[in-house]
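According to Swiss-Prot:
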BINDING   191, 192, 193, 194, 311, 335, 523, 584  CoA binding site
BINDING   387, 388, 389, 411, 412, 413, 414, 415, 416, 500, 515, 526  ATP binding site
BINDING   537, 539, 542  Mg(2+) binding site
MOD_RES   609  N6-acetyllysine
């Protein structure tokens, strides 16, 4: 597919949208010319206890990086997500929970959610949890995880959600870094028909002597599986709720007080605890949720992420609930019990908006039309993509097969550190180009710079930076502001460096080319791995591809590609040659792969991110330097790749 393919805004979408093109242009212009005025007006969507007088106090100067929004105002996040909705929509559904087993589901109204949050907030207070204390949440995708987050917000405790797929060692590192006082977990998790020993993992994590800050472990009963019990430390969630009052006054919190810490995955060394604060984060999550997804009251909105990632925080919990939306919480995986699961959930719950990851889209696409067999899908109005750049072929399949050419796709780009979406189409305002995140959201000023930090104008490729602050921006790394400054503001002074490369086309649309550390330098030519991967996946026999650089005597770096074929396709030397020629045709001879390794699967985190670090190590035969692979969705993939690599080398 040509990158120039353009999908204009559909007239029926433009006629009913919250934000048409003229509105977008006017609002964006105001947001960058007069950010104080723009955000002062937008902040009225929140309920304040003490109104703010000052809007924006921010500096990107690397000698004094300081980010404050609405600093003298006070409010409570849980109040904004629950209490203020009770009068008008107390009996409306807040959360639809779909269990791992298709026979399990629950609907929870705003009134019911409010009562449970108040009870659990009181229970936490009863366990000596107070404003500023850190609570670690290590739970499956069940409503109690959302309750725990909101209960912390209600009493001013800081939550640190750790994804349930992380190992005991990774969990311990995150507990130690923030001196967590309480850990909330479940007996076991359920995912894809398999049980995860969450409580046992917590027990193992807490054998580390440096986790001594933890005083209590609160355990939610999910499976009823047998677990070890420490009667001095462990408490059942349900027993706390049985005796707790459902009345709990929300704590008045300063706009810049900490709301949560979220540790970024995949980084080496000490975990990086991204810190988000109260008012700016909530405002930005709510506004982006409303405008990017063009959300209307009463619609069913489904983000398939896990609450252990920032997408789950902003677009399952805080954004939707602040807007009084109905948010769907899914415990399982897209291919269990079979590949039709996503389609069946859409029809079962009459989902209007689906926000998922390219990994899930490609998994469905690899099965052809099987994933939508027998599906109606007529409730869908809008599709979204998040987590990595989506290649044009997967975009087109998503648009044609899942959306039946009726649903715009919002291809969103953002990061844990940004708090919310920074670059994305708005359904009623933006003509779509498959593979492009298109244009910046209100208040966001993206730019491209060369490696010396010089701004690049017009159609070009470079390092993606943001020139000024926005309310959802992370304020620091927990307990390590110097590292925050060094990581994001030292590379290009006076700018926030995203770590991503991007291309801007002649229409001003942005195309994310991948992490800058995923840029190859082949014979002096810079190439994003995403570009080569997109070309490879465009081949009709290829389901997925991952590209890494390897040392090359002549070129400096060679191109090493791991290829997963579609179901029913067989690997062969002839196909290898065909794929090399295909990439030469799609991009040019410079992008021709030096090595192609067949892969039954790729090493991915549970959120679907490919762990390229592991692929690089395998490609260079550094089998003993892979690091911790326990966080992978399927650690067994790694040994298969190593064995195949050894066989290739021996041949």
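Heads up, the Cβ atoms here are built off N, Cα and C, so glycines get one too.
Between the listed binding-site residues, namely 192, 193, 387, 389, the fewest other CB atoms within 10 angstroms of a CB are found at 193.
Of all the binding-site residues in the list 191, 193, 335, 537, the shortest Cα-Cα distance to residue 414 (ATP binding site) is found for 537. Compute the center of the Cβ atoms of 537, 539, 542, which mark the site for Mg(2+); besides them, the chain residues with Cβ within 8 Å of that center are 393, 535, 536, 538, 540, 541, 543, 544, 545, 563, 579, 582. In space, 609 is the closest of the recorded positions 537, 539, 609 to residue 387 (ATP binding site), judged by Cα positions. When each of the binding-site residues 191, 194, 515, 539, 584 is scored by how many other Cβ atoms sit within 10 Å of its Cβ, 194 comes out lowest. Checking each of the binding-site residues 194, 515, 584 against residue 542 (Mg(2+) binding site) by C-alpha distance, the shortest gap belongs to 584. The binding-site residues considered are 311, 335; of these, 335 has the fewest other C-beta atoms within 10 angstroms of its C-beta. The highest number of surrounding Cβ atoms within 10 Å, among the binding-site residues 412, 416, is found at 412.
Reported as a whole number, the C-alpha separation between residue 194 (CoA binding site) and residue 416 (ATP binding site) equals 28 Å. Here the CA atom of residue 416 (ATP binding site) lies 29 Å from the CA atom of residue 193 (CoA binding site). DSSP assigns residue 194 (CoA binding site) to a strand segment in the three-state reduction. Cβ neighbours within 10 Å of residue 414 (ATP binding site), excluding its own Cβ and spanning all shown chains: 25. Residue 335 (CoA binding site) has 537 as its nearest neighbour among the binding-site residues 515, 537, 539, going by CA to CA distance. Here the candidates are the recorded positions 515, 537, 539, 609. The one whose C-alpha lies nearest to that of residue 311 (CoA binding site) is 609. For residue 192 (CoA binding site) paired with the residue listed as 'N6-acetyllysine', the C-alpha to C-alpha distance reads 18 Å. Nearest by CA distance to residue 416 (ATP binding site), out of the recorded positions 537, 539, 584, 609, is 609.
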